[in-house]
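**Student:** Attaching a single structure in structure tokens format; questions to follow.
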Amino acid sequence: MKNNFYQEDELLSNELSNRGFLLTKVDDVIGWARANSLWPMTFGLACCAVEMMQAAASRYDMDRFGMLFRPSPRQSDLMIVAGTLTNKMAPALRKVYDQMAEPKWVLSMGSCANGGGYYHFSYSVVRGCDRIVPVDVYVPGCPPTAEALIYGLMQLQKKIKRTTGFKYDARQTH
């Protein structure tokens, strides 16, 4: 059974080769472009960051999805929060998020980023990065595998493709 992304690409290439042109809506083109050109900025805080690096390496190759890691928040539109967020690090996370260009998305990776994880009852741990920044996709696990991260990124791509209009707020789409 083929993946939906590949089915869409196959339909697109068939329509282009048969007719020579393509009819679509501007919203669909913008959604396609945004979903297939995500530029993530890593916010690796703990062991989940190692799995994120593995997903970007040659075996899983996130580049094939159009994702290119950027070192600056001003150049990125996706923040991957990977690991335990402490109270001391929370203001830095918010500052980096505020510096990102619109539209922007956040992926929370791992039990610690999702809800505090193993350190949930520690006095110094934020019980989920969604208390600091709005989160679009949660990837569970301790640590989640590279496959789980790739799956979470594909879910984010689906979410982005479903949006309409030039102004985007992922938290209002269902």
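Placed from the backbone N, Cα and C atoms, the Cβ positions cover glycine too.
From Swiss-Prot, here are the annotated features:
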| type | residues | note |
| --- | --- | --- |
| BINDING | Cys47, Cys48, Cys112, Cys142 | [4Fe-4S] cluster binding site |
**Student:** Pick the one among the binding-site residues Cys112, Cys142 whose Cβ has the fewest other Cβ atoms within 10 Å in this structure.
**Tutor:** Cys142
**Student:** Tell me the Cβ contacts of Cys48 ([4Fe-4S] cluster binding site) under 8 Å, same chain only and six or more apart in sequence, or just say none.
**Tutor:** Ala82, Gly83, Met109, Gly110, Cys112, Ala113, Pro143, Pro144
**Student:** Around the Cβ of Cys47 ([4Fe-4S] cluster binding site), how many other Cβ atoms lie within 10 Å? Please give the count over every shown protein chain.
**Tutor:** 14
**Student:** Other residues near the [4Fe-4S] cluster site, CB within 8 A of the CB centroid of Cys47, Cys48, Cys112, Cys142?
**Tutor:** Ala46, Ala82, Gly83, Thr84, Met109, Gly110, Ser111, Ala113, Gly117, Gly141, Pro143, Pro144
**Student:** Using DSSP reduced to three states, classify Cys48 ([4Fe-4S] cluster binding site) as helix, strand or coil.
**Tutor:** helix
